[in-house]
Each structure stands twice: as structure tokens, then as C-alpha cells.
Amino acid sequence: MCQPAEDHTKESDDESLSQDNQKNNQKKKNSSTRNDTIRPHVVNKTWTYMTEGLLHQWLRRCVVKMALTAATYPLTTIATISFLSLTLIATGFFTNFKIVYNHQEIFTPFGSLPEQHHEWITQESGFAITRPFLVLLHRNGDSVLQATALQMLFTALNTIQSTPGYDDACQQSAYLDKATNKPTCKLSSATQFWNHDIQQLLQELTPLDNITAQDEYITQVMSNATFPDGTPVFHEAILGNYQMENITNTNNATGTISSSSSSPSFSSIQSSPQQLQILTTAQSYIISIDFPERGADSDALEKVLLERMKQLRLEWEESTQATGGVVLEYFTMYSYLLEFERAVYSDVYLVVVMMFIMVSFCCMVFYRKADPIQSRALVGLFSITTIGMSLMTGYGLMWCIGVPFTNISMMVPFIIVGVGLDDTFIITGAYFRKSMAASSSSRNNNNSTSRQTSLTKKDPVRDGPILARVEETMQEVGSSISLTTITTMLAFCLGAISSIPAIRWLCIYGFVCIGVDFVYQCTYFIAWMVLDERRVQAKRKDICFWISLAEEEEDDDEDKHQINSMLKSDSSSSLEEEESNDDNAQPISNQQNFSERFMKWYADKLLQPAVKVFVLIFFTVYLAGCIYSTTKLTQQFNVENYVPKGSHVKTFFSTFDDYSSLFRGIQVYFRHEDQSDPMIQQQMMTYVDELSKLDQIGAPPEFFWLRDFAEMANAPEFAEQSAALGLQDASFEEQIDVVLSIPEVRDVYGADIVRDPDTGFITASRCYLYLRKIDMQSVANQVSFLMDQRDISKRQPINNQEGKTDWSFFAFDDMYFFFELYAVSVQELIFTTVSGVAAVSAVAFVLIPHWSAVAFVMPLIIALYFMLLGTMQYSGIHINAVTYVIIVMAIGLLVDFLMHMLLRYFESKATTRHEKVKHTLQTMGSSILLGGLTTFIGVIPLAFSSTTVFMVVFKSFLAMVCLGCGVGLILLPVLLSLVGPEGVTHAEPNEMEEACSTVVLDSKASSDGNEVTAESDSSSDDGDKRMPAVMSTSPRTGEYETVYEV
């Protein structure tokens, strides 16, 4: 347990001690007139002793100890913390700093099935890892089946293939060219009808007379079911949103077939069937190139490719007539990571802007133009400096231990500014009030505090009163700032157990930074504030602290300096200052600043009966509307929201969705089993068939090696070849060898079969199913698909074997990472919310001195939660990873608005509800309003972010501030004025310290009413002579209860 702070006021002069003795005598005199009416109202003496007497005193003593140490050695404290912060941030940045851009790492829940399956695919399966490069050409919805658009397609392909490094990369591919049997990049494009050679196309088009004939010719060629080399055409992969006219030879009847119903037959591999379909329209051309994964070399190549595509796109935009209005779009996963990285760095300046705005705002709040001495603009600068040091220390610690950093983690500075400045305004308000009281007393006793000494050197006469005021200040506000810090850190702690990496990492950053900020507010900021107080006592000007006020000006303006001294209303004045008839108290009450006068006027208006009725009705109706609105909330996650505005990634996703019918190809994997076993093969067929019947898929795979090889074996033409080769009696592996030796077959299926190089045994295989009917705007539809296909996988007998830990059959796609995020978000959000509400309610129950506080905290935080969700829905905000983070943080941030008000209400010495609420609003209301305002101002720069996601953060924080201030300053005071506990529910810190150190008397003492005095062995840190606690028998219970001398 922290020990009481040392008596620093022993260094003060005799006049200061004399004033303190006079003050104590006045306190004793005042207490004699109200001892019978104002006594601590203790509902449960044991509970009050445990909370007020032990826990609160321990918190106060720790806070006071830190503050007094910093106040005694301000320069040492500032230098040490500054050095520590800079060292940690530099060390972390140059050692383990890591920015994570990959959404797979950021949003995939830890230990999820997609994460496990992806690890096997990339590290163990043996499948070649490729990096697809996609290019899409469109004419804003018009058909691209024309010669001009096709030539632009060749131009785009030639730009890619002529890029330096393209050939080197393709030579390392596992894919083999059918003609040369050499490694090459797998290329899918309509240009394959002309062997990717534009000269061949031009030669075929030259004999045609006009453009119409050329357009008809290329349409007829691209309608073929096979390419010239015999490879079957998958039209949906090369033409977006195409339509075909179905032609039959029996009765010349025609019909229309869309892109979603075309399925080439495997028989086209062996022969070219008579053409029965012809294209009528297509909205886009699609190029897909699979580059091999080569790490940094692949990154370098793709950077060059992206730059060349960007230049080509700009050229086409400048010459729309020559290009026929063709628009170029391009995408690769690496380009998304680059754009995501660009979004992170492009938004870094917002932190600087936010800091500049907050410095300006805080300096303006503390600045007094009419009084250059008592003006405290430097304190505003120091408050932001303190937060900056907290962020550097917190970030440095996290980087040193390797906690990844994401763009979502950039929200932490905006949170810390709001939370940190709340503590700043509470500390400064209490301190300035104490300073005003001391200045008024000094002036009335004709004591001058001006000493022209160095600001950096110790001066016992000057520093003694400062240390005393620091101690009094931290005694008064220690519980308040400790309570709100604990609740906020607790909310982040609960968020840190999330299985979603981005949320866990952000909450870890927030938890550490908030804890560091609390310590720095009690040390680093106090040290700066002591130096500023030395400036004031030395009569030096604010900001220009090296300029001292002239002697004659000092004499003329002495009263002016005192009257205009800054008072903040975030801490209550003591009961002696409010109720004492002492002449020194009157000037103080007359010097209230604007915020205090406004809150007094506001309290009078709010507590009128008609206003109370209106407030209750309004919040009831709004809460009901928000509860209904909450039921309308939907989940939504658009990856393009995380890239800068105007990014080519955004336009690619939107155009690909509009002009392409082929959405995603999910991969169905088979592993760990003997795939030559007929029983296993039957289960493989059954599994694929069940997946194909899902509503979101609705069609069998275009190519499935097991099914198609079986069809091939039963084909008459292949049966003759098989008999000629003597394969009927060959093993399964030997048959696979023969089939894959056919170039057309190898081209289609070779990449989907992994074999043991020694035995030829199939170790893994796969096929593709396409999601054509999934609604990417509906998270419910996506989650439903994930769960349905997972249920099918679970039901497979091969996956249900006893003791089996890894599924032999499973489906996978990169989109599963996001589907899994949606699936777990709701459950985690419910758990975090319920546990968060329970946790902050428990903290309120333990730390607020009256048990009834929990009866206000729990219902109101639940109401605030529903109000926030409902307001977010009204604002068009959906539930996603970012809003999940905001909702997790909201509990810790919103509860602060309640805790400060409740703690001040229960600490008030007023005896009626009306007086207690009025006193609470006067002394704490402006601080809450100012704290909410600073939080809002701190997030204003997010409105100018280059990404849509931070606009969501801005709207959400705006809603939090408005709702928090509304409930904390409007609804809660009204409720307290109606049903709040009456009487004195709290004892002064000094009084409870006396109670903790009194002699415990026998509870069975006689009930004769005699008083027994127990002298305290603790002494005041500021040198006050405290009165002893008195134990008297209760007329109701006959047991001893404590009556405190004030």
C-alpha cells in the first residue's frame, strides 16, 4: 500500500502556517453549527469502510504520491519521461515495427477453419501458388463484341507481355505451354482465339469490307466451344455478362442462353462438336494471368505492371474516340495491399492535424487575453504534449514486443486525446480552484506571493504552497480520474480477448496507451503545471514566459490578476468554500467564470418540473425508436472502403461486379485419402454434387477431373485408344499418366492434381465451383452460404471418422476469411457488450461510495448502447470490423459521462436531491461538456480521410459525444433529482483517512452515549492540524458509529 506523502509544507514560511491554522479554526467553527445536520449517511458501514475507507484512500494515496514526486522534481520528471518516450518509440520503430495490410491477417479470426485450411494449401498441399493479374475492358455497359474493342484488348495484353521481367517470371511457372511444353504463365483471354497474336487477327479482318462485317466475324469466332488448339472455352471467364442465342438444326428454332447457364462439355477436348450457339452481346473482356509466387521479385514486377496499366488507362481516357469508348480496369491482390498502404500513409497527416487543432483549442480554453499572468495557454500546450508522450510510450512498447500495426490502430490517438483531455480538465479545474482560494486568502492578508526566482530552481518558500495545492487537488480528483481510467481500460481489456486480429491489436494499443496516459497525467502533466505555477508566482507572462511584468504594472494590476484567475468547473469546491460565512469565501464565489455561471443557469432551467417531464418523455421515445432501429442493423463489409478515394481498386470492384457474371471460384479440396479407391471416389463425387446444389452455386463444376476422366474412359473413341495402349489392365496411376499426357487435358486439369513424384500417387486434388447467385451486399446470405457448405463438409463420412482432426474434404476461397469474420462478429459483439456492461457496473458498485450507483449505471449504459446502435443505423452505418471496434470502445467511453456525474453527486455535501444535482452540474457539468467537445473536435480530421471507413468513425464518435453528453448532462441529472439518494453519502478524503486510522472499539460498548476520542496517527501532507474522529453510540442500534469532525 502506498504510504502517505511526506510533509512538503515544512519548507513553507511561518505566515503560510499561520494562515493554515486560521483556516482550520474556521473549519472547526463551521462544523459546530452543522454537525447535527450534516453527518455521513452510511447505508452499510462495512461497505462504506471497504470502499471509502480502504480502496479509495489507497487510490488517492497512490495518485498523490506520484503527483507530489513529480511536483517536487518537475525538471527531472519531464526529462525522464521525455527521454523514455522518445527512446521507446525509436527502438520499437527500428526493431519490431510491422504494418499489416493483408486483410487475411487483419480480419481472419485466430484459429478459424479458413486460417487452418489456407495454411495447409500454401505450405503443405503441393499446389503451385500463383498471383492472378486481372484486366477488364468495358464500354460502360455497351457490348464489346466489336473489332475496335478487341484490338484494344490485344493492346492491353501486349503492354503486359512486353513489360521487362514478364518472360523471366513466366519461365518459373509450373504451367506448361501445350505447344512447346515449356513453362509459361497461364493466360485466359479472348485473344486465345487468335493465339494471342494481333497480326493473325488483322490478317483475318483485312479481307472484310466494313466494320459491321468485322464485328460479325469476331462474334462468330468467339462463339466457338473450343479454341483453335482444342482447349474447351469457358466463356464466362473471358466475357463478362455475355448472352448467346441458342440455334438448333432440327426446326431452326432459336432461344437465348445467358452466361450463367453455359457449360462446355468435356467431350470437346476430343472433338469439335457442331456449333449450336452464337454470341449476341457481352459487356466486358477479361484477361487473367497467373504469375508464379516469387516473393519480392513478384512485387517488383507487379509494381511495374500496375504503373504501365495506369499510364495506358490515362492514354485511353484522353483519346476516347480512337478507343471506341473502351475503359481499362486492372487489379491484383498486391495492388490492393499497395493501395491499403497508401491509405495508411495518406491519413498519417490527420494525426498531425488533429494534434494541431487540439493544441489550438486547449490553448484557447486556457488563454486569458486580459490577464497575461494568470493566462494558462502554456498549460493547454502541455496537456497535448502529455498525450503525445503517452502515445509514443504506448506505441513504442507495443512495437518493441511486436504487436502489429494496422490502419485501424490509427484510431487510438483520437481516442486517447478525448480520454486524456478529460483527465486534464478535471485536474486543472481542481488545481485552479485551489490556487484561487490561496490567492484570495493571500491578498486579503496582504501577503505577496511574487518572488523573482528562477523557474527551474527549487525555492522552499515558493514551492511549499504549490506542493500543498497539488496534494489537495489530487486528493480531490484522484478517485474520479482513477475510476474512469479503470472502466475505460476494462472495456479495452475485454475487447483484447477478441479472436479478430485487428480488434485485438487495437484494444491492446488502447489499453496500454490509456494506462500510460493516466500515469503521465499524474506525473508529466503535473510537473509542467508546477513549472507554469512558478511562472505565475514570478509574475511572468504566459507564452512569453521570459518576460516579467514591470514593477509598476505589477502593483496596478494586482487585483486584476486575482479576479481574472482561471477557474474550471470539473471539481467541486469544498463544503467550507460553499457554506462558510468566512469573508474570504465571498470573493471566490463572485469570480466564477462563464462556464460555471452557465451551468448554474442551466441547472435551474433543467430542474423545473415541466422540463423534467419533457426530458423523460423525449428520451423514452428516442430510446424506443433506437431499439426498433437496432433491429434493422445489417452487416456489411466492402474491401474497397479501406482504400483511398479514387483508387483504381474501387473502380475495378464496382465495374467487375456490374459487367461480369463470374464472381468467385471456390476451390473444393481432397486430401489425405487414397483417391484411386472407388469408395473414396464415390464420396468425392457425392460431396461435389451436394455442394453444387447449394442455392448460391446452383450448377456443377465446369471441369472436375474425376467426373470428366470417368466420362472420357467411357467414351467410345477413348475406349479404342485405351485398348490399343493396353490400359484396361493398367493401374490407376498409369491411367492418369496416359490421360495427362494429352496436352489439352493437361492444360485443363494438370494444375488441379498433385502427385507423388516417385509413386505417382495422388496426394491432393481439387476442382472449382462458381458462386453465381450469392448476394455480396447481404452479409446474411454470405454467412448462410459459409455455414451451409460447412455443414455439408461435416456430414461427409470421410470427415466424421473417430479421432480425425483435419477434414479430408473441404471447400475454400479467400472470401471465406471475410465470411468467417461476419459469422463470429455477432457472437463476439454480444459477448463483449454483455461482459462490458457487467464489468463497468461492477466497477461502479465497488468504487462509487454508494451502492445505489449501479442502479443508475447499468440501465443507462444499456440505454446508451441501444441509442448508439439505433443512431448508427439512422446514419446509414452498417456493422463491420470498424463499427465492431467502435461499439467495443463505446462502453468504456460512454460510461465516463455517467461515472463523473455520479461520483460527484455522491460526494456532494448537499442534503437534498435538488441541491446535490445542482451542485453536481455546477462543478462537473462544464468539464463533461468540455471533455465531450474535445473528443468531437479530435475526430473532426477523420471526416477528411481518404478512406470511407474513417468517415464511419467520425459519424460514430459524433453520435457517442452527443448521446454521452445528452444522457450525462440531461437525463441522468433529472433521474437523480427524482430518485437519487438524499443526505450526505460521502465523507471528505481527509475524514475517511481519519476513519481508517482510528482505534477500533468494541462494538458491544455500553450505550450510555459517552463519546470516546480516538486520535489519528496520520498527519496531513499539507501540514493541517486535523481534528480527531469521534466514536459515539447510535441511538438506534446501540453500536458505535463514526462522527467526523470537519
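Including glycine, each Cβ sits where the backbone N, Cα and C put it.
Computed from a predicted structure; not experimentally measured.
Here's what TrEMBL has on this protein:
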COMPBIAS  1-11  compositional bias 'Basic and acidic residues'
COMPBIAS  439-454  compositional bias 'Low complexity'
COMPBIAS  1004-1017  compositional bias 'Polar residues'
DOMAIN    347-531  domain 'SSD'
REGION    1-37  region 'Disordered'
REGION    439-460  region 'Disordered'
REGION    568-589  region 'Disordered'
REGION    1002-1046  region 'Disordered'
TRANSMEM  348-367  transmembrane segment
TRANSMEM  379-405  transmembrane segment
TRANSMEM  411-432  transmembrane segment
TRANSMEM  481-502  transmembrane segment
TRANSMEM  508-531  transmembrane segment
TRANSMEM  606-625  transmembrane segment
TRANSMEM  829-848  transmembrane segment
TRANSMEM  855-875  transmembrane segment
TRANSMEM  881-903  transmembrane segment
TRANSMEM  924-944  transmembrane segment
TRANSMEM  956-979  transmembrane segment
Using a Cβ distance cut-off of under 8 Å, indicate which of 379-405, 481-502, 881-903, 924-944 has the most pairs with the transmembrane segment (956-979). 881-903
Report, as numbers and ranges, which residues of the same chain sit near the transmembrane segment (606-625): CB under 8 Å and 6 or more residues beyond its ends. 863, 866-867, 870, 914, 917-918, 921, 966-967, 970-971, 973-974, 977-978
Which stretch, 411-432, 481-502, 829-848, tops the Cβ pairs under 8 Å count with the transmembrane segment (924-944)? 411-432
Contact check, the transmembrane segment (881-903) vs the transmembrane segment (481-502), 3+ Cβ pairs under 8 Å, seq sep 6+: yes
Could you check whether the transmembrane segment (508-531) and the transmembrane segment (379-405) come into contact, where contact means at least 3 Cβ pairs under 8 Å with the two residues of each pair 6 or more apart in sequence? yes
Other than its close neighbours in sequence, what residues sit by the transmembrane segment (348-367), given a CB gap under 8 Å and a spacing of at least six beyond its ends? 375-381, 383-384, 387-388, 410, 413-414, 417, 421, 424, 428, 542, 566, 930, 934, 937-942, 944-945, 950
Same-chain residues near the transmembrane segment (481-502), Cβ under 8 Å, at least 6 residues beyond its ends: 59, 63, 100, 105-112, 404, 406, 408, 419, 422-423, 426-427, 508, 510-511, 514-515, 518, 521-522, 821, 824-825, 828, 832, 835-836, 839-840, 843-844, 847-848, 881, 884-885, 888-889, 891-893, 895-896, 899-900, 903
Same-chain residue ranges lying at least 6 outside the transmembrane segment (379-405) that approach it to Cβ under 8 Å: 81-82, 84-93, 95-100, 105, 355, 358-359, 361-367, 412-413, 416-417, 420-421, 424, 428, 501, 505, 508-509, 512-513, 515-517, 520-521, 524-525, 528-529, 532
Quick one: mean pLDDT on the domain 'SSD' (347-531)? 83
